[in-house]
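Q: Under the heading domain 'ABC transmembrane type-2', TrEMBL lists B:37-261. According to TrEMBL, the transmembrane segment annotation covers B:43-63, B:75-97, B:118-145, B:151-174, B:186-205, B:237-255.
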């Protein structure tokens, strides 16, 4: 049990001339929820599919539960939820779960799992007639039915309505409580912040930052407001206490960091008034993972 | 939704272990059989068309079958057609779409190995063939079929034919797009039905093409079954050899070219 759930060192994956993964290293701890966060095309799915044994790396080493991902004995110990598809469209979803259950020695009760995910009334519905959110839940159920040690969930809540999303989050929480390691990909900040013990932010096939959600976002609060683009922030800074920082990112969105309190708030609003500027949507917030991502890559996540 | 009430008996504590291989293969084979018997288009190809052809061509003087009884000539051909429809057409189309919908990929993430999956598919094909043979033989007997010869030789030919047609079907399913497999498998079914000695004797074709047609897997199976199920003809060695070559060729090629995604 000493090896991490997943350990990736200097992973490289190329498709033709495109380098999808470019020297990526990450470690997902046992019994923890690790979120791999990044925009579309960052290399999330490639990374996960290499860990699942679907693809072979072009460079670097990957070990899953201490083993080469291609090892067949991992199939019984690792649960997989693909980003889409994977279920015969004409098969009833209850039938699919009963079938997958029979591939494992100690499976969960398919009926109880259907109930848990709110799918009981759809057990006899063919997969293709289910809504997108219901299909996602069927795939999630199939990923955990064999009682795996490690679960890979590739964008588990993409396209889910809020209720279904909540059900998925709850199940992830229960998996974690039961000691299951979870690796999930997402481009929803709130999902990563809420669910994970460890966040790995990737872009262009490399890790750009990692840590706990709190360590990435920091404890510091910030003052944000919107106004016309191009305000002279240098002038504003001279009015603020030393150690403060101000920036405009993206255009028209201003962020002030430092000792955020009544004094700073008063200084900023007074300065805006003197400039003849109305500060809209003025708020004091903690940094979000979205901000962290934007700072690191200069790109929006979604 | 009922997610707020925890359901007892849902113990997520890790206990991942594979079921025994025979149990996995039986589970998958059962699912494949149910899918085949539930699919309307598949039933049309595997059951309805063969039985209609059998009844039609056994009862009405539509083709010149030489001197013998119509039903004795037609039944082995229809049995060969039934084997082709399940092992080739049905399997090619189903597997092609399983590949396209990511089902083969997803099954690859379960403890069911690829060998196990192929075993299950073979088992399912054989089970459906058994139903087909029972139905076709039942109808044929009712129409006055009096088979002679060696049923054992006939079974061996059916096994070889199943291997050859499965190889051909998997070769298409593993390399072509699902839509191309669908169109191609139906086209090949029709072509082989027309020129493979199923209903029309090969002697009806010009002498120049007849030897070539005899090398088709469907001709070998139909002709071989006709010989195996009538008295007085020796064991259908040539037909068996043709089928064995087709099986080795197509299965070998399929195993090299099959793309699971």
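Positions of Cβ are set from backbone N, Cα and C atoms, glycine also.
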Q: Count the Cβ pairs between the transmembrane segment (B:186-205) and the transmembrane segment (B:75-97) that lie under 8 angstroms and are 6 or more residues apart in sequence, then report whether there are at least 3.
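A: Contact confirmed: at least 3 Cβ pairs fall under 8 Å.
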Q: Please indicate, using numbers and ranges, the residues of the same chain that are 6 or more beyond the transmembrane segment (B:75-97) and have a C-beta under 8 Å from a C-beta there.
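A: Same-chain contacts beyond the ends: 32, 35-36, 39, 42, 45-46, 49-51, 53-54, 58, 104, 121, 125, 128-129, 132-133, 136-137, 140, 145, 147, 154, 158, 161-162, 165-166, 168-170, 172-174, 176-178, 181-182, 184-186, 188-189, 192-193, 196-199, 217-218, 221-222, 225-226, 228-229.
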Q: Go through the chain and flag residues at least 6 beyond the ends of the transmembrane segment (B:118-145) whose CB is under 8 A from any CB in it; none is fine as an answer.
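A: Residues 24-30, 32-33, 36-37, 46-47, 50-51, 54-55, 58-59, 69, 71-72, 74-75, 78-79, 82-83, 85-87, 90-91, 95, 112, 158, 162, 166.
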